[in-house]
Amino acid sequence: MERYVLEMRNITKEFPGVKALDNVNLKVKEHQIHALVGENGAGKSTLMNVLSGVYGHGTYDGEIFVNGELCEFKGIKESEAKGIAIIHQELALVSTLSIAENVFLGNEQVKTGIVIDWDMTRNKTKEMMKKVGLTEHIDMHVGELGMGKQQLVEIVKALSKDVKLLILDEPTAALNDEDSDHLLNLLLELKGQGITSIIISHKLNEITKVADEITVIRDGHTIETLVKGVDEITEDRIIKGMVGRPMVDRFPRRSLKIGEVIFEVKNWNVHDPKDDSKLKIKDVSFNTRKGEVVGLAGLMGAGRTELAMSLFGRSYGSKITGTVMKNGVEIKLHSVKDAIKNGIAYTTEDRKSAGLILSDDIRHNITLASLDKLSKNLVIDENEEIKVAEEYRKKLRIKSSGIFQRAGDLSGGNQQKIVFSKWIFSDPDVLILDEPTRGIDVGAKYEIYSVINELAEHGKTILMISSEMPELLGMCDRIYVLNEGQIVGELTSEDASQENIMTCIMQSN
Amino acid sequence: MSNKLSAMFKKNIRSSVMIIALAVVTILFEFLTGGVLLKPLNISNLIMQNAYILILSIGMLLAILTGGNIDLSVGSVAGFVGAISAVLVVSMGMPVFWAIMISLLVGLLIGIWQGFWIAYRGVPAFIATLAGMLVFRGLTLVILQGKSIAPLPKSYSFLASGFIPDIFGGTNINILAVAMGIVASLIYLFFQIKSRAAKSKYDFEVTPAWLFNIKNIGIIAIINAFTFALASYRGIPMVLVIVVVLVIVYSFFTMKTIPGRHIYAFGGNEKASKLSGVNVKKTLFWVYVNMSVLAAFAGIIFTGRLGSATPKAGVNFELDAIAACFIGGASTTGGVGTVVGAIVGGLLMGVLNNGMSILGVSIDWQQAIKGFVLLSAVAFDVYSKSKVKS
């Protein structure tokens, strides 16, 4: 019988009004990669916070055993001392400090007292960076690194604390495929070196690839633990555990009624606003038809968001040239206001920092882009506003206590529904959706897909940017492939496959 | 819908607490001063002493809403504009009306100048207005050549320390003041009933009738008690009318209009506002233009009250205005706060000052106590927010 490096027994954690965890059990074997899956709000993060001591001993019921020893962590420092390190989705790095400084932040290597031993700091950092395959200079500021490399710095930081059990919360959510692969391979390598990992992820394809065991949590309960080689491990099987029923189809069908071309972009060129001489989008031309969902595929940095934002009232870029046609007529989009007036909507990939006013309530967020519709002589009709907000809250089933709840208090899926409400209310003909399901759980994803389908069925045209290829393949009628600012392929839904998209990208390089 | 009530209460908890605090402090000092605080004469004084800070607080609130930006220049701008108007009236003999118009125009130009650097050149507001604070203090000294200019004519001081003449010619009591109280009550009642009717039309739940009535009777009683007290002294101070009008106009502007909503949205999340079609630069620009115009106005009021323009006029006004906003519940990160809150904050400090003066507490202590009030108000805010979150 293998040893358990971690056993959490009957963990129950209550918040005022909610039982976030109800007798949850988690057993993690040594030298394994253990995946923790569940919908948003299922209790995964709460469980990990209990484990790492963020919610200290006494605030929950149940027992935690690390290597068979009962532990009562009062804070993160205590769990770290036992070799447990947690890497949160929002990285805890200081972007203005160097790699070496970040790695030993809070754990500074000292000669005596408070004087930092820089030689030791740098040597140790260098050594550990080799382990994870980071070749950057140790004095480089973390802010200059891409997301993938920053994630590696976090892992180096964990390694520097002599980690035995590494917990990663959505480590690949913000990474492109290449960086994700690198990270997952690194976890496998670390496993070989005796480091156990717990990985929380929504990306089921990754989990099925690397996990030895998978524990499914739903509504604060442990549902099951699937073991590689014993149980069937497929994405559908995991989803069944997560949502409590088999999901017949991850992508809802829509009735196809594709009409004529409504939105057309010709010879679109955009320069980098930070460096006028750099062309970010090169001579891009594409079109979308009425009732059609068109995908925009590409690797991270291909310029998809830049293309979308430059079209949306020049929210990105400088020295923009090219024409945009709607219903065969050229339209000028010099500002976001122009874009909204011309029936174009853009939902950002970065919901929290660019999509919502988290401190304000649902109502004000829904109406912000279309206040003109609710007002006369600049004076807002507040009663009408409440009516509209209430209507959308019901229509898109935004789970909340009411339209006066703060947007910041809702889950990712519900926040995205607010963003969708806002833009649907602006009554657009063209919707550009940038990563519409990023960081959203399976159930909410399905709802968002249904909303997209309904929009298409109502004759809107949709341009969908996504880094999740299965999503593009499942939802789109046509896919454009973008690479280094250029369109390098156009695939119909019959021709589209993960291989074909990658081939387009590779051949263009 | 009871959720709505509790949600609204939570959102407004700071301002309700501050209103209660204001009432408690007022009652406390009324008691400590043996009834002097709320004597008609003193109420008039209280209003006139604090009017310019209240005017500044309104403008400052808008600046703070745009993301915790503060305008450090308002004290210097007030001093500078006061000096200009005094030079125009006293040294150059210009008619008061035109002198005031030109002074307000100077405020507008200063606002355009500062707004340009802040909104269109991206200079942090803190820095741009710190520069303004130094520049306009310096220019005040230049204009006044280090001396005071006095005396200003009565017509100039009317805005700051005049009373609205009683057209009904009451002898012992100012009939106009009483009448204005009644008219204000009726207007208030009219809008309350209208808004209630609109809500019913939409089938929204309204507060129960008994609560609605009690609330209205209470507020009307306060309005009339207040105007009656003023009536038994010299009537309605001109500056009170100005402040009340500004509060109503700016409350309406911030709560009910699109530009007002844009200010809140901008303070809540600049990027999201931009992507929702808010012209953030324009919004920021006008907030600072508005601030300087109000600062100019406050400068005219202060100069009028003093009856002279002095080189020291306006020193530290910005700090009082900033404190009023934060005591009144504005968030240091922007997007949260109300005009009424800022006024309540300003009045709270005003009553403290006035009450302590009556008790003979020295200015030094008053300053220190105001500091503690600011700290405890914001500390309470931070504490209550952390409770709501967890």
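Glycine is treated like the rest: Cβ placed from N, Cα and C.
These figures come from a predicted structure and were not determined experimentally.
Listed in TrEMBL:
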- B:12-34: transmembrane segment (TRANSMEM)
- B:46-65: transmembrane segment (TRANSMEM)
- B:72-90: transmembrane segment (TRANSMEM)
- B:96-118: transmembrane segment (TRANSMEM)
- B:125-147: transmembrane segment (TRANSMEM)
- B:167-191: transmembrane segment (TRANSMEM)
- B:212-230: transmembrane segment (TRANSMEM)
- B:236-253: transmembrane segment (TRANSMEM)
- B:283-301: transmembrane segment (TRANSMEM)
- B:321-348: transmembrane segment (TRANSMEM)
Are there at least 3 C-beta pairs under 8 angstroms linking the transmembrane segment (B:321-348) and the transmembrane segment (B:46-65), leaving out pairs fewer than 6 apart in sequence?
yes
Any contact between the transmembrane segment (B:72-90) and the transmembrane segment (B:125-147), i.e. 3 or more CB pairs below 8 Å with pairs at least 6 residues apart?
yes
Sequence-distant contacts of the transmembrane segment (B:283-301), meaning Cβ under 8 Å and at least 6 residues beyond its ends, amount to 51-53, 55-56, 58-60, 62-63, 65-66, 71, 73-75, 77-82, 85, 100, 103-104, 106-108, 110-112, 114-116, 118-120, 125, 159-160, 239, 242, 246, 259, 262-263, 266, 313-314, 317
Give the nonlocal contacts of the transmembrane segment (B:212-230) in its own chain as ranges (CB under 8 Å, at least six residues past its ends).
38, 40, 43-44, 174, 177-178, 180-182, 184-185, 188-189, 192, 196, 206, 236-237, 240
Long-range environment of the transmembrane segment (B:167-191) - Cβ separation under 8 angstroms, sequence gap at least 6:
216, 219-220, 223-224, 226-228, 230-236
With the transmembrane segment (B:236-253) as the reference, which stretch in B:96-118, B:125-147, B:321-348 has the largest tally of C-beta pairs below 8 Å?
B:321-348
